[in-house]
């Protein structure tokens, strides 16, 4: 019997953070679809402006406001929903739901919790209650004791004996968790661990060194009917967070008894917490004896459940939402097979491998070793019919410049066996690259196992790949049989060509001559036992025939997805892909997506007519164009990855939709683009295209420091840096040329104290639609880290007119057909162009939703039909919109928090308002761990740059009612001075409510900034933002507006 509800409130997860990423865009979107199918009105609270979920196609009503209990209470008071769903927005949504329950807000308004009851959620997420629950139902857990203070934690650790694992309650991503090998370790880390717990509780647990970690995904309905959807095996052992682990499904190394015993126990765990919906249950298995423990469960959609869903084809989030409405498993249809019910457990005739993606090089002082805390910012998933094939594909998907596990930079480096084993022992990211290098240099399986704890089954497979590669490299022979084996082992044409001394084109032609072609296979959830009705596809060389027939004689488009997320490429580009899909369906008979990110909406089973879950490379796309006969390939929606390969695709005869690959190359190549601006008479900062440090030094002698070093073909400011002296210059030029060695480095004069602005737009080669965006922070802070407003606040109409004229001129010269983004710095009213991207931009979901027009849809209209004008038409907002960056400093242990031209944020949030300060305050509060500071607390304000803005910030905070302190080494005049050491103690004692600073001061305030983020204290890293935000505290603290997005005249 279905729950009798007509209006349901769904809580989203807010902006993308490390450990709480786009998997909740996918799961929340599926839940909203399931509700809509039932005719239920949906109300969504989510401040993540970048997601598809916050577009009109999913929820009936949308509140883009901070995801907190007190803001959600305002929505409940206004909308009066019958029920609430809190299992589809990560830990953020669960915490909000628990707070609403405990404060009796749900009871007050008669709101029913759908899915797992709050008491069950608490039993799962409180480490102490979970341990007690497991013991009560006779399920094995490691020796462990809970603690709520530092003294108690030290005492419990002595009772258990070192080493111990510290686990944090009501938390995700392992934030604050650690392995303590001694009391000294525990004393150092326990304060941070307790600060990261929502309920100030930790579990001190026996550390299970080198045990195998496994996960089971369980579905359960309200009557106790259960299905185990997937068993996922972590290749990395216990001690590495599961989000940091390379994982494989189905499990490979379990015997039948182990598999069945843990399967049964996972169902018992679900029963013990009264699960309704989906959970994942984590186990530790002793590799040397038949011994295992239950580690934890997550009673919600999670990173693992998103992976399991994409790996098996089983729509977990959709089914979970149906179960939360009261359906039983047998009543829910599996829409992938179209004929089986949700109680059928999936069966796989392929293997899936997930590898995380890290961006640790962007952060100073960060710990690079993998451990109990998540640091990865994204992940990729590959599908193959052998471990070797899937692993090689996954490595290429990481987009690190590695052609596979073998034959790349690490494999061909001068690293010795000892060096490789050291990197493995230190648990550096991408361990498989160092393992293959170690085997190449003569390491044994036992030696690699000793330092990694990785099962020898997997190590043997990697060593076999090394042995095969070395054999063809040494023999230089490539007959039909050898080439066929190489392709079945996952080697790319490039890898094979490098081994035997031929070109990639030679290998492609040889393959086609021998008839060695990849086969298209279909994911049906039941290993071919039932036919599938959806085209959820992958490509393999381990097959003899295609599972599908290819349609001809119709208009077909292939859209290139965004690939794995990283800093600079996140869910906003998936929004671009899905927006293009929706728009293209009006003009094409069959629209197909190729992508390999398990977190995204674009890789859902029911989004595209066809989905290729496969690698994005020139080789793969040429294979698919040969089979499918696509009329066009669209590379502009998914960010940088498509732009990077567009020119090569065009050179190989592929017809690109929109702007030509030649024009894209001009815009992406800093030197070519700078020459174009000179030709058109458009202002830009003084620049030089340099191929040597000597050339740069001559340029610097003319223009003076500081200068900006900018390599070509990069995203999110990779290797981009403001340099202030010769020492920094030598260091950064070296780094930049390593990133883009085929292209010269452009060095430009850095214009300080300038306003930065952008225009998002679409063109048909003549007419232009555009939205003007303005940064709060001065130029020099990467646009992805900046606070951005629509409409502009500081720019003059005359300056904006010049910006529009420049863009109109460029769009005609390059014949831009599609979306674009242009960035300007403005000094004394004069705009200078610093960058142009001929693709969807990071800010496009924000600009589209604020002005109420989908720029991707406009762009495709321009490409297909053209516009009926030849001018710049500005798209204007009816209210104010502000976008704020979400940083994940707390997850990146040791990293020094500061802003610069290289991007470091992991996500973004936005809000709308009746004025700038209304929108700004809500937007900032939407990013974690930001909160309104307690007026009785201390504010710490200091810095050596933007001092006048810091002075204003201190003045505003003082007027707000706070006690303002400043650092003796970088003081703000007129306020009580304190030392760095004293400031650290004040933060640890939880007396500091907010820190406002500016610039790069690592030598004097590293510990202050680091302790602030470790103890969840909001930190503002720019003086100009500090002044505006503290003014917002004064103006808008008690009168923020909380309207539905349509009431602001916004939304798409």
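Placement of Cβ uses the backbone N, Cα and C atoms for every residue, glycine included.
Computed from a predicted structure; not experimentally measured.
Swiss-Prot names 167, 173, 174, 206, 208, 213, 239, 240, 241, 282, 296 as ATP 1 ligands; from the candidate set 127, 131, 148, 263, the record adds 127 to that same site. Residue counts for the region 'Oligomerization domain' (400-548) under DSSP (helix as H, G, I; strand as E, B; rest coil) come to 75 helix, 11 strand, 63 coil.
Among the binding-site residues 296, 823, 835, 837, the ones whose Cα sits within 10 Å of the Cα of residue 282 (ATP 1 binding site) are 296. Other Cβ atoms within 10 Å of the Cβ of residue 173 (ATP 1 binding site), summed over all protein chains shown, number 27. Around the Cβ of residue 240 (ATP 1 binding site), the same chain contributes 213, 234, 370, 371, 372, 427, each under 8 angstroms and 6 or more positions distant in sequence. Taken through DSSP, the domain 'MGS-like' (930-1052) splits into 54 helix, 19 strand, 50 coil. Residue 173 (ATP 1 binding site) falls outside any helix or strand according to DSSP and counts as coil.
DSSP assigns residue 835 (Mg(2+) 3 binding site) to a strand segment in the three-state reduction. Put simply, of the binding-site residues 127, 206, 823, 835, 837, the one whose Cα is nearest the Cα of residue 296 (Mn(2+) 1 binding site) is 127. With a cut-off of 8 Å between CB atoms and residues at least 6 apart in sequence, the same chain places 142, 143, 144, 160, 161, 164, 165 near residue 206 (ATP 1 binding site), listed in sequence order. Considering only the residues assigned to ATP 1 binding, 127, 167, 173, 174, 206, 208, 213, 239, 240, 241, 282, 296, the longest pairwise Cα distance works out to 20 Å.
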